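Inspection log for the structure reproduced underneath, given as structure tokens.
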Amino acid sequence: MLRSAIQHSLRRATSASQQSITCRNLSSSSTPHRKVAVLGAAGGIGQPLSLLMKLNPLVSQLSLYDIAGTPGVAADVSHINTRSEVMGYVGEDQLAQALEGCDIVIIPAGVPRKPGMTRDDLFNINAGIVKGLCTAIAKYCPNALVNMISNPVNSTVPIASEVFKKAGTYDEKRLFGVTTLDVVRAKTFYAGKANVNVAEVNVPVVGGHAGITILPLFSQATPQANNLSDEVLTALTKRTQDGGTEVVEAKAGKGSATLSMAYAGALFADACMKGLNGVPDVVECSFVQSSITELPFFVSKVRLGKNGVEEVLGLGALSDYEKQGLEALLPELKSSIEKGIKFANQS
């Protein structure tokens, strides 16, 4: 029942162009072989994410890496009767094996946010971790799609880009900041207030992936609910922006949004694989290199294809409230991007 429920939820929640994600519909002979690595697989996000990736029939090889604890996670997950072969790797000596031949690398490595922790605190720890992992990616699987989950994403994606540029392997079409959790939250909160079926809801979320840089475009939500007041939409926006803090406080120092983040990360990785496999019209929001604003990176809807980013889509029509939100977020997002670039180039 659990596997069926999870698979049904994944199938429902991905974009409308998706194919079935259930194992029943899998034809190994017609499904391309895809190796996916999870870096940080023994952590709070990494473990449930590894489970969800094991349930995805598009994955043929699942490579789980962390600095400790990975053999146990790999052994546990490997017992699940789905397509993919699971291998666990531990420590820097085994990182090359974990990465070689990967089509997609998902990075949830690093420390989660705790009560009272600032994003600067997160940056000071996670920036170095991301830099080291991306150096290895550039060496051992330079053509992989990189799905960055490690926070602060507004800075870690620019760090990754600079590392890849130094290595001569940077391809802007293959680097993604995973912001799907913002979309998941916006859909959930909107559906609750609009009293509509959450499975039918779509809400683009643009900007960045922290605080006020998260800008849900409820004016573009479908189905459109005309009964929501400006006050309600403002409250929905703030709740979407503060969703991570809501979970951190609710867990009272015992964790962050690990489960919902793993779910969102699995959704985005699934979309990337569908794009690689040639499924048409796969569109997700992501933090990517962009020219739709004056900033070098920005979250907007992205069409995914066989080479990663096929097209970065524009923002569309914004409400007056959303236009104000866009203007307000740009300075903070710019500062976070510059901080990441500066860190990457310090050494």
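Every residue gets a Cβ built from N, Cα and C, even glycine.
Automatic, uncurated: that is what TrEMBL annotation is.
Quick caveat, the model's predicted, so the values are computed rather than measured.
Annotated features in TrEMBL:
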ACT_SITE  HIS209  active site, proton acceptor
BINDING   GLY40, ALA41, ALA42, GLY43, GLY44, ILE45, GLY46, ASP66, ASN126, ILE149, SER150, ASN151, MET261  NAD(+) binding site
BINDING   ARG113, ARG119, ASN151, ARG185  substrate binding site
DOMAIN    35-177  domain 'Lactate/malate dehydrogenase N-terminal'
DOMAIN    179-343  domain 'Lactate/malate dehydrogenase C-terminal'
For ARG119 (substrate binding site), what residues in its own chain, 6 or more apart in sequence, show a Cβ-Cβ distance under 8 Å? ARG113, ASN151, PRO152, ALA210, GLY211, SER336
If you skip the near sequence neighbours and keep only those at least six away, which residues in the chain come within under 8 angstroms of HIS209 (active site, proton acceptor), Cβ to Cβ? ASN151, PRO152, VAL153, ASN154, GLY177, THR179, ASP182, PHE287, VAL299
Which has the fewest other CB atoms in a 10 Å radius around its CB: SER150, ASN151, the listed binding-site residues? ASN151
Fewest neighbouring Cβ atoms within 10 Å among the binding-site residues GLY40, GLY44, GLY46 goes to GLY44
Taken over the domain 'Lactate/malate dehydrogenase C-terminal' (179-343), the predicted model's pLDDT averages 97
Neighbourhood of ARG185 (substrate binding site) by C-beta distance under 8 A, where only residues 6 or more apart in the same chain count: ARG239, THR240, GLY243, SER260
By DSSP, how many residues in the domain 'Lactate/malate dehydrogenase N-terminal' (35-177) are helix, how many strand, and how many coil? 66 helix, 28 strand, 49 coil
Around MET261 (NAD(+) binding site), how many other CB atoms lie within 10 A of its CB? 24
Where among the binding-site residues ALA42, ARG113, ASN126 do you find the Cβ with the fewest other Cβ atoms within 10 Å? ARG113
